[in-house]
Amino acid sequence: MEGREEIKGSKPSFPLSFWEVTMAFTVVMGFVLGLGGVYLTMPASDYSFLKLPRSLEDLHILRDHLEIYTSDYTLQVLVGYCAVYIFMQTFMIPGTVFMSLLAGALFGVLKGVALVVFTATAGASSCYFLSKLVGRPLVISLWPDKLSFFQAQVAQRRESLLNYMLFLRLTPTLPNTFINVASPIVDVPYHIFFMATFIGLIPAAFLTVRAGIALGELQSVGDLYDFNSIATLFLIGVVSVTPTLMSKPKL
């Protein structure tokens, strides 16, 4: 309780700095202008197939239709994809795993991984800023135990916070959605949050995007992560957090 009161007391009257407001505004305007540009430049057609995929069947339908447009309207498809992914990540809408699979199916491994890491990081950043403004009551009500655990770990590992945040991103220790909304509340600096997100999402993005190339062979989303994949992610996570585990917290 004392830690929470201290954090609350250290907050300024408006929780976002000027550059954070500028970045958030840029993301919002990019989303609006991007979708507007896509709408104005795409040819007249039946776009009833455009909806957020909720299953592999939905994803197959979306992939089959978008492949027709990707070669001739690459920029529009890219902008539309980025806008939708960032929107979903910002407002914690489930289904980004299907968007990651779609990136692999449409753009291949290298471009797909770059696209997923960029959009996931931008969306997580938007969620971070949104939570910094209005997220405290939501997180306290939904995840009180996780918040207490996360707050204690962040305070204990302040000296090697980047390593710890990398470990969280690389492993399923805490849900990514929770990390996005809770990080500003427990005073994880944005530059640490950004670097851990950008670097930590690469391995999982690679696995998902690669699976999207062979989308027809995928029977369920659960097939994405077999034992070897999960073990590899945990191994990378353990390596990243080793300096944190070896350091002694200050009394």
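Just so you know, the numbers here start at 1 and follow the chain as drawn.
Note that Cβ sites are derived from N, Cα and C of the backbone, with glycine treated the same way.
Automatic prediction, not curation, is the source of TrEMBL annotations.
Marked as domain 'VTT' by TrEMBL: 93-212.
TrEMBL lists 21-42 (among others) with the feature transmembrane segment. Counting only same-chain residues 6+ beyond the ends of the transmembrane segment (21-42), those with a CB under 8 A from a CB of the stretch are 69, 73, 76, 79-80, 82-83, 86-87, 90, 122, 125-126, 129-130.
Feature annotation from TrEMBL assigns transmembrane segment to 78-102 (among others). Counting same-chain residues at least six beyond the ends of the transmembrane segment (78-102), those with a Cβ under 8 angstroms from any Cβ of the stretch are 27, 30-31, 34-35, 37-38, 52-54, 56, 58-59, 62-63, 66, 112, 115-116, 118-120, 122-124, 126-127, 130, 177, 180-181, 205, 208-209, 211-212, 215, 218, 221, 224.
Same-chain residues lying 6 or more positions outside the transmembrane segment (109-131) and placing a CB less than 8 Å from one of its CB atoms are 16, 20, 23-24, 27, 78, 81-82, 85-92, 96, 99-100, 103, 138-139, 176-177, 180-185, 190, 193-194, 197-198, 201-202, 205-206, 208-210, 212-213. Under the heading transmembrane segment, TrEMBL lists 109-131 (among others).
Listed as Cβ neighbours of the transmembrane segment (190-213) (distance under 8 Å, sequence separation of 6 or more from its ends, same chain) are residues 20, 97, 100-105, 108-109, 112-113, 116-117, 120-121, 124-125, 128, 161-162, 165-166, 168-170, 183-184, 223-225, 229, 232-233, 236, 240. What TrEMBL lists as transmembrane segment is 190-213 (among others).
Summarising the annotation, TrEMBL assigns transmembrane segment to 225-246 (among others).
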